[in-house]
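Database features (Swiss-Prot):
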type	residues	note
ACT_SITE	37	active site, proton donor
BINDING	30-37, 149-152, 178, 186-189	ATP binding site
BINDING	61	beta-alanine binding site
BINDING	61, 155	(R)-pantoate binding site
């Protein structure tokens, strides 16, 4: 496994891979890797000849400076995990390598609508930062496929739209959420939880299951369903942030013709903002 930190060296290897006709898969990450990331790697390995994992804590997508500062950086441990998984390349550039002129005045990629709705409404600039760094990685690495986790449901939808709108010839693969045995979605931010909070954390998944059961039963009183769910979260020790029930295919409001719904949930537990989602097939 080769660790690449500079753009010239990356370009050199990408040119060689292209000349050899290799099928390349990209797994973009911010590091602090867990089993959910390893599932992305496994999916990439099954679909390509060469797997490149990027590790870059992207300052452009953080809406709070304190969150950027305390985001876990575990490059050595991450590389050890990826080496055991027989990843071919790790691209781990410094911020100055990606943004040599700094962030101010930086050209960016924005996806209208999807970047400012739902999660984007509460985190201004976040999705613009995501789409910009992913676009830069696509331009640099020129992958045939790229793997993203379905835990970040809106992010995946945004990347799919960007790829379609910008005519990237890249297959976007969504990989299902990996959960702990108690239902908690694996996330780098789970590291912020205390031992006591970790015991409470699966409550978010349980509340989503309760919402799903109501939707499957035909209940469409969405405001009431959401209000009850927020109350349940608060009673469990969370601070409910945002719960939405949307059309899973468009992320717009549910209509009578919607075939699938997605429950999008975000809640604070101590210093950790946990997000999760669950898709539900609706009775027609």
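Along the chain as shown, the residues are counted starting at 1.
Cβ coordinates come from backbone N, Cα and C, glycine included.
Residue 37 (active site, proton donor) sits 19 Å from residue 61 (beta-alanine binding site), taking the CA atoms of both as reference points. Around the Cβ of residue 178 (ATP binding site), a 10 Å sphere holds 18 further Cβ atoms from the protein chains shown. For residue 36 (ATP binding site) paired with residue 155 ((R)-pantoate binding site), the C-alpha to C-alpha distance reads 16 Å. Sequence-distant neighbours of the residue listed as 'beta-alanine binding site' (same chain, 6+ apart, CB under 8 A from its CB) are 125, 126, 127, 128, 129, 130, 133.
Counting other Cβ atoms within 10 Å of each Cβ, the binding-site residues 30, 33 show the lowest value at 30. Neighbour count (other Cβ atoms within 10 Å of the Cβ, all protein chains): 20 for residue 36 (ATP binding site).
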